[in-house]
Amino acid sequence: MKKEEMLFIDNLKELGVEIDSKQLEQFNQYYETLVEWNEFMNLTGITEYDEVLLKHFVDSLVLDPNKLITSDKIKLIDVGTGAGFPGLPIKIAFPNVDVVLLDSLNKRIKFLDEVINKLGLENIKTIHSRAEDGGRNKELREQFDIAISRAVANLSSLAEYNLPYVKLGGYFVAMKSGEIDEEAENAKKAIKLLGGQLEKITKFRLPNTDIDRSLVLIKKVKETSKKYPRKAGLPTKEPLS
């Protein structure tokens, strides 16, 4: 086993995540496909093996200090998944989770389909759609136990993109970098308007780095009004306040 793989496994154990040799091979296949496709499309600026393992794969799996992933059948949607983070690493590490990867760019969807096929993953599908359009689709709206996003956007905007997908009692998890307290405070009104309740902010540091992260946990406590999400572009241009 390579030293990078040993460190990867140790870092995951620190998060309470254990993987077997098959899952490790799936992560390696994911990495190889990512680097291969990145030659002709912009999937990531991080391509070194050890960096991808830490800053994409480990970073994607910090989801669960609150034990949201259980042995029961969990339905999770990754909204604005990009190159598959965090949804694909979650699927590899937690095969019981039923995952939907949603993205607005069709060429990224083709990449994700290639990875899914190569890895032989089941109960995972991709959807080519804008977040706003998907959130109005009755087959997706309020159908998920967890909506998660690692996208770079204001928390009010992310809440409008994600909370419509979450069923009552479920959670929207925003994965954020750096300081989040003021942004979270400013987003409380929007979160409430969308049927959510800010429950907890978990702050942590990626193992063996000085990289700080925050997980914002928002519980769905009432149905989202049919007014939301607003039409494409508005949640970002004019965040709710």
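Every residue, even glycine, has its Cβ placed from backbone N, Cα and C.
Note that TrEMBL annotation is computational and uncurated.
In TrEMBL this protein carries:
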type	residues	note
BINDING	Gly80, Phe85, Ala131, Glu132, Arg150	S-adenosyl-L-methionine binding site
Local backbone state of Arg150 (S-adenosyl-L-methionine binding site), from DSSP in three classes: coil
For Phe85 (S-adenosyl-L-methionine binding site), nearby residues of its own chain (Cβ under 8 Å, 6 or more apart in sequence): His56, Asp59, Ser60, Asp78, Arg150
Neighbour count (Cβ, 10 Å) for Arg150 (S-adenosyl-L-methionine binding site): 23
Spatial neighbours, same chain, of Glu132 (S-adenosyl-L-methionine binding site) - Cβ under 8 Å, 6+ residues apart: Tyr161, Pro229, Arg230, Lys231, Ala232, Gly233, Leu234, Pro235
